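Everything below concerns the one structure shown next.
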């Protein structure tokens, strides 16, 4: 029997040699070895050449660019590996501890000046001081050479490509009534003011065009927001910030709800989020109107949470770097409840990218410390790359365990053509389909209205507004997630919801048998199975919330890869579909794929990762290096009324391949290492799942490599067909229960 040992995983160390030096040495070694072989060993030559090619790929690609979206272009400069990157857009000074005066003094000594407020406690934006004493000192000293005992780090931050997720610009502006076009005076209101809910129907001129709020989608569907309004909920005392290109804070349909404490300008480092009036920067204002447009004022339409407070961060109207994103996400986390973002990496079907180190830290701080420890909510648009066969699994913002990824449905209850599929999508709201179908009503710059807001850009703010209704009530499918959001059901459930148990994390690390890493070529299918016991000796995970699969694969065409995860209860989750437009040869390194499709299931049993290639080129190759599965969940059910799972039946037999594992469990900052053993198959797969008993059947397990007994597709109640193209109107209370489980995990909903 193969032995295993538990150990902590180390981060990959930076390689010592320059990339071009490695290439030269590898090429010389490869040609030397092949030239020494006898003429009669041509077949062996090809095999050796292929193995050396794989080694060449593994050495060079590990040192490739970690983020596809860093703005670089082809170049003859060997120092950049054949790419010319833009000059750094930001210099960030990180002090050991916050000291605004010291930061200014250090900056001045090096011909720089501090811009704006610090973020992440002790990080400061620096820019070149072109006037005064600093300008003279700049000629003599460079900030890159800084040495100071109070300086923890100097970060040189390059811009990244980020796009707004509205798929079409349709010029249809509707001006407000004459009395509102000029001379409107801002009325000062307090944050805790309790304004009454106006009587339905609202007199606002475009309210009757808000089909997604008044039951005028095909079949009479909507998002049941009116029920929440009739219960008296409209988002009072909830603050939402739109991270975008700014918002028109004095718009007549927003000014009464504007929240300066949820607003700033990261691009120009001042407090005013007003966008440039150049025709390109209307996106953030439109998103803000969906959430908090005032009701009953005879202007435009109404926001979902029309009594909430709305702010905006101007951060997309300039170079967007990791530091810009972090400063936006970190803004006033003790005041802001919900952050809504309708942007991300380019939806071109060939980009893998996500948040950098600083943005990840901002997410983590928001979840752990925001709102007095109750946690901020980050709502994200899932992406518009469907026509390019893109997947939101390649977007590290939507696959973060700290965000709510929101998809879109059309007026006729189908998927829109731009929709991206991924198992991290948690829910859906309505949006546009094409120019012949109605879109979303909202405000427009400078003081107008529009009926043509589109894309998943429009879906995320609607979700943010619905969540605001739930927060007032309780201060706390790959295409459609858990279905179309129902504001009334969400508010009702929030009123009686109990605090969820403490979240644990259990880690299972897969150990490859030789050859390690494993060569892959052409069209292939490999499965890797591991046994999960839920870390019973440490901090158990017996009820699943999130599942992350972190893997490293190098392949000649990344877009030909497909990854599918099978749970012991039979759920099939496509982590990564093929993306024909993605010709990247780097693959991905330690990429975290996320699924929420196993929420509420018992994790104990055999999990299988199926790795496939759809390539028709049999000469294309690469390597499969590793994969690790992270289980996030609880030891006890989320609610007392939830199903409880019985003891685990440990009657195992060893699978082919002699695969080993490591398992770790973690909560908070405490970490324990538990015992494990060889991975073994479990044929006692149960039908049904935690939140959906009997909705899907169990799957068999594989005893031989290259094969897997694929389970039938999960059929959602009311989902129509197996492609989930039909109505996303899921009426089961279990669905809203599982959505609010996710929401309560992120915001720690409490009863008091």
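Cβ atoms are placed via backbone N, Cα and C, with glycine included.
Marked as active site, charge relay system by TrEMBL: 244, 283, 457. Annotation source TrEMBL lists compositional bias 'Low complexity' at 674-685. The domain 'P/Homo B' annotation in TrEMBL covers 499-637. Annotation comment: TrEMBL describes 1-27, 171-190, 261-283, 674-709 as region 'Disordered'.
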Counting only residues 6+ away from its ends, which parts of the chain sit with a Cβ under 8 Å from the region 'Disordered' (261-283)?
115-117, 125, 164, 166, 239-241, 244-250, 309-318, 324, 327-328, 331-332, 335-336, 342, 444-446, 457
Cα-Cα, whole number of Å: residue 457 (active site, charge relay system) versus residue 283 (active site, charge relay system)?
8
Give me the non-local Cβ neighbours of residue 244 (active site, charge relay system): same chain, 6+ apart in sequence, Cβ-Cβ under 8 Å, ordered along the sequence.
164, 283, 284, 287, 312, 313, 314, 315, 316, 341, 342, 343
Residue, out of the active-site residues 283, 457, whose Cβ gathers the largest set of other Cβ atoms within 10 Å
457
Would you report the average pLDDT that the model assigns to the domain 'P/Homo B' (499-637)?
94
The domain 'P/Homo B' (499-637) resolves under DSSP into 3 helix, 75 strand, 61 coil
Would you mind splitting the region 'Disordered' (261-283) into helix, strand and coil residue counts from DSSP?
3 helix, 3 strand, 17 coil
